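Colleague: Per TrEMBL, the features are:
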type: DOMAIN; residues: 188-303; note: domain 'Ferric oxidoreductase'
type: SIGNAL; residues: 1-22; note: signal peptide
type: TRANSMEM; residues: 147-165; note: transmembrane segment
type: TRANSMEM; residues: 185-205; note: transmembrane segment
type: TRANSMEM; residues: 226-248; note: transmembrane segment
type: TRANSMEM; residues: 260-279; note: transmembrane segment
type: TRANSMEM; residues: 286-309; note: transmembrane segment
type: TRANSMEM; residues: 321-338; note: transmembrane segment
Amino acid sequence: MASHSWFSILSLVLAVLGTAGADVTSPGARGFIGFGITLYDPYCAFACTNSLYVPLNCTTEDLAIYRLHELDIRQGASEEINNSLYSLITLVTGAGLPIAASLLRFLPWPASWVTKVHAYIIDPPLVGSKHSTPVWSLGIMPTRGQALFILYLWVVNVVLSSVGYSTELGLWYDTVKAMVTRNAANRFGVLCYANVPLVVLYAGRNNFLLWLTNWSHSTFLLLHRWIAFICMMHAVLHSVVYLQIALHTEGWAEEFTEPYWYWGSAGTIGFVILCVKSIQPIRQRIYEIFLAAHIVITVLVIVCSYKHVNVKYTDAWGYQNWLWMACAVWGFDRLVRLGRQVRAGFKRAYFTPIDEDYYRLDIPGISADGHVYLHFPAISTWRFWENHPFSVAGVTYQQETSTIDSSEMSNEKEKGVASNTVAVLSSSGSGSDTESLTIRKESGIAVYIRRQSGLTAILAKKGPCPRGIPVFVEGSYNHKMTFLQEDHPEPTHDFPNLLCIAGGVGITGVLPALDRFNTAGKPLGTRKLFWGARTWPLVRDVEGMQLSGPVSSSTATERRWGEVDVTLAVGERLDVRRILTEELRQQKGGTVIVVCGPSGMVDDVRCIASALGRHNENGKPVVMKLMIESFTW
């Protein structure tokens with residue numbers, strides 16, 4: 001009897017000491033369990049206090065009952081530490097592997113090897129011939145390089161959901177199956193939370209991975225959708241497994257009425273809605289509505305997920321820190337966006353029709369390149385919050401005169417197209433077949449847009465406005481904002497040649513490459529542009545903005561813009577197969593291929609260039625580097 005009383009007193013003392021020493025009981029704990037948060041410390045104290053009120057579970061083991069409780073507590077703490085460890089592995093590798101993979105290109109690989117690796121492993125679509133064009137209008141087929149990383153995301157999440165479970169039975173569970181099932185449900189939940197920061201990170205315009213890798217924003221948006229689906233699957237598995245436990249375990253029925261259950265169920269439903277409504281047809285047809293709903297539902301999911309763990313565990317177990325991390329990433333992106341807008345300031349955009357399909361926006365008083373996001377707060381009462389990306393076609397500073405063929409200019413005159421930056425002056429003299437363009441260039445930027453649905457249709461409907469349209473400019477977003485980015489082509493001894501292929505207003509995506517691919521001395525190689533345009537007015541307007549030198553022409557479709565050889569295809573498609581085959585065969589040295597235009601044309605260039613890169617021509621390897629400037633949502 002005395003020994004029993006002594007044991008009870010000792011248990012109470014140890015329990016008090018154990019509670020005082022357990023960091024997990026302190027609100028607002030920082031870190032994660034096993035990494036800044038200590039769970040059930042010391043184990044023996046929690047074992048003793050548990051043995052005081054847990055019903056006796058008869059066992060043949062010749063052990064003190066608190067020892068069996070200590071086994072359960074140690075295993076429970078170990079499971080939570082594993083959950084934190086595996087979640088950190090998922091998060092750190094999800095952010096770190098893109099950086100590590102990008103650093104590989106700084107090794108001195110032979111240019112021919114680089115071409116082969118990209119042609120076989122990186123650039124082609126995983127299946128078929130479509131990447132920029134949605135497959136069956138349902139989704140984007142990843143490239144082989146993108147598919148490798150997506151495969152890694154799946155493998156690491158599946159493997160880390162499946163390993164590291166204890167099978168030594170104590171007093172908390174009746175069977176090993178019940179123990180492993182519940183621990184797996186917990187693992188699914190923690191991995192779901194750990195993936196949320198990656199979901200937000202990949203979606204950001206100011207994603208720090210864009211600064212530290214040579215991966216495009218389109219690639220990260222694709223990864224955003226895949227990791228979001230994985231995150232949703234973790235949430236669904238967590239909820240379904242716990243639902244099965246509640247339905248088949250005695251005493252669990254009352255859990256359905258607990259607030260944490262409501263919040264968790266709402267969060268899981270929100271994850272499912274986010275993924276289902278993000279399919280390609282919905283994004284394309286009602287993108288503005290999709291984006292607004294996406295943000296609202298995401299905020300609700302974060303709130304529900306936070307309340308789910310806060311109600312049950314308060315802030316002591318650290319689960320909410322995954323969500324705070326995601327909020328910090330989102331807040332950083334929004335803060336940088338705001339900073340870019342403030343730096344550019346409030347401007348006015350002047351809208352000029354070029355023809356029935358194409359329009360130009362001139363925004364004076366700003367310098368930018370790459371692409372910018374334009375906010376038009378006054379364009380529509382219900383669309384003031386919208387913003388859209390546009391490639392900067394040029395920055396204008398001075399006045400120039402260019403000479404062109406008069407027969408082609410007559411085509412533009414017959415169209416009756418007005419321009420507020422181009423004045424046509426007939427050359428004096430006897431019957432010259434050329435005319436000169438005097439281009440008044442004000443300091444600012446110009447972007448070209450093609451009329452479609454949504455914002456561009458509203459702009460076209462409003463027409464030219466003498467006072468301009470109020471606009472906030474967010475930018476620039478370009479290759480200069482990155483530290484490790486190589487997609488800003490410059491001539492090198494391995495790649496002295498530049499081949500640009502553009503379709504329509506895709507010319508705006510390749511003009512910066514033509515401008516940057518230059519040397520102070522004698523050119524190392526060639527610079528060529530093949531441009532397919534629907535109408536001559538667009539060609540004339542773009543030529544009027546060129547600052548690199550005079551525009552000369554030998555035929556209607558052959559041009560020379562300074563040191564750039566230009567071939568036009570007006571009103572017809574470019575034969576990209578012939579262009580790539582002929583140009584790559586006759587070039588001396590490697591060639592940088594830059595393409596921007598309709599998704600179908602971009603896919604053709606991707607597949608044809610990759611096929612040429614996989615094979616030798618005339619016994620010599622084709623050396624090239626493919627750069628895609630298209631923006632795929």
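Placement of Cβ uses the backbone N, Cα and C atoms for every residue, glycine included.
TrEMBL labels come from automatic prediction, so no person has curated them.
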Colleague: How many of the residues that make up the domain 'Ferric oxidoreductase' (188-303) does DSSP mark as helix, as strand and as coil?
Modeller: 99 helix, 0 strand, 17 coil
Colleague: Could you give the residue numbers and ranges of same-chain residues that sit at least 6 residues beyond the transmembrane segment (147-165) on either side and whose C-beta is under 8 angstroms from one of its C-beta atoms?
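Modeller: 79, 82, 86, 89-90, 93-94, 97-98, 101, 121, 126, 180, 183-184, 187-188, 191, 195, 223, 226-227, 230, 234, 237.
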Colleague: Could you please provide the mean pLDDT value for the domain 'Ferric oxidoreductase' (188-303)?
Modeller: 93
